[in-house]
């Protein structure tokens, strides 16, 4: 099969890349559930403070889709349920048991999975709490179990800064990964597209009978699922649903069916300049960032991000790792004000543009901080934005139509194919410092409500 | 330096929304960020940002304009007294050109500031470019009050009434020049205006090319003593910045290498010029018009085409903003320049009008490209 080559984009050379050295994080004492990890969720609690839960037993569900359960990633006691303004559920904390108990699901062997009924697979995913790993485009929300997709995507070539290597993510879970793909294909009856890097020769991906394998090549965002969908099965309209699942979550689905237990661990990469230890960690779902960074406290003021620096969310150390996040990035929170900075040659400035000498030498490890590096100005179309967006989308106009709240034009310009994460590099390179990702997010939210 | 920082920090609160000088916040922002990179931190993803900002981008354009400006200063002095020494020539040039630049910056800057305060937006660095572009397109001898009137018109009517920087339809510097051109034609055309000293008057190469009906424009230029090499170096009469194609080429290289200007506009402009000039050459034997004989190279090396294409047509705001649109827009300007030069021999310089027309059509070109993109998407969807 041919290789799809992406030319536009940029691989951020961020300092503090995690070494490929996998360590196990000891079992945390407490884990948290953050309902805000799930876009559009309307949670209703099923347990109360003081209740005991097993790993895999339901904690809350989604009022919009009552079948979709959210389950505990550890067994223990619910110690606190925190609600914010207007009683919005903010955080549920579980005090983890010393000897964990797992809720038992039916075990299957590899060959049975292909003969399970689609509804059996679906119900098992819904009740085990694994359903939320399946998200859908447009809108990047948890998949609607009642409406089948036209295709399922598994983006298995992460290109985001610090993203963990795909082979290390799945090491030792090859069988589970294959089983998960089989279950997804069986459940949806639609093609499952697995996208890997053009140079990936791992046997892991060669023997997967039931899927369509695609190869991409190019700089970030070539690994983003939105780019894959755009090139393979573009989203035509609102009801044109595509589902996508991260590779580790595919392995968790497989693990659920093979072992009869909810798999509760994932491999993440931890990196960033202010950290001493930059490595891979196998962690529990719901683990707090401070536990991940235990003994590895950032030097100096720093921002801790759950996810990559381009699309992740800044969080407090006491907050848990995001449900979908596979990276913890730490960057210096530096607000030094350079004298006449715009006039200096800037040999150490990081820029995708050719306006700094560093742009010509190839940037090895420029240090990037949380600085905006400029002030907000009106949009001047220098072409920076277009140079990092590998989609047949005209970003300048899409942005204008979103700001004008013109739903008709937004649809025509292809907003359903868009996701904030695919536009993160656009925000990064914009000389007028517009929050382009946020604008795309606003546009999608507006059209989701009013479209 | 920390003394300056502490003064700025002490003044800062007064310009905050609750401060007593809140109205003048844009002024403070300007001064503050000229001296120090802003202290703003990212509040949402992406958490890191490129080092590029508007100041850097516009400063790069200024750097690209420096060779043109420096040569313009020298050439102004040189034309006033070719026999005098270089020092005298530079002094004379400075004496003529610097006042133009200063008046343009000061008067334009006051308008810019006024609108920023009234309309509560930031002061935009784009003005630094506009304010320098205008004097470079003028004859060195022009009265200063006309520069003031021109830049006022350019900034207010050309830019601020349509919403300010980023929303202007026409390139403000060109609007300013067009205003001066039409309001005070005697100061902007003819042979006398291009030199400081009246006794040194010499017709511009383009004026020469159109001076005799039935003749060959190329011959006319050669007879007047303008070789191609001279035209390229640029020690010939013309607007302050427009004569030296060598200096313009340097500026073009800066703009292209830094990718501040879009290469498609420049390439499209050249292509349009070559095609139209070749077409004109074919028609030349059948008509009396001497300009029809000018080769593409002559068109490129005479008049203000090169300057306009490199520094004014490429203004990202008033140009087309789609890649395909940029080609069409550039070609249109290149072809229009030749057409205007051929058809309008009274005012043989056509670049200003060609670019203004291009600006007027830019949005329409983009609209077409946009509809194409939409139609293509819909076809692709239908196939799926």
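Placed from the backbone N, Cα and C atoms, the Cβ positions cover glycine too.
Just so it is clear, the model here is predicted, and its values are computed rather than measured.
Annotated by TrEMBL as transmembrane segment, the relevant range among B:15-40, B:93-118 is B:93-118. Sequence-distant residue pairs (6 or more apart) of the transmembrane segment (B:296-314) and the transmembrane segment (B:93-118) include fewer than 3 whose Cβ atoms are under 8 Å, leaving the two stretches without contact. Listed in sequence order, the residues of the same chain lying 6 or more apart from residue B:204 (FMN phosphoryl threonine) and placing their CB within less than 8 Å of its CB are B:191, B:194, B:236, B:237, B:238, B:302, B:303.
The stretch in B:58-81, B:93-118, B:231-258, B:265-284, B:350-370 that contributes the largest number of Cβ pairs under 8 Å to the transmembrane segment (B:326-344) is B:265-284. In terms of C-beta pairs under 8 Å, the stretch of B:58-81, B:265-284, B:350-370 lying closest in packing to the transmembrane segment (B:231-258) is B:58-81.
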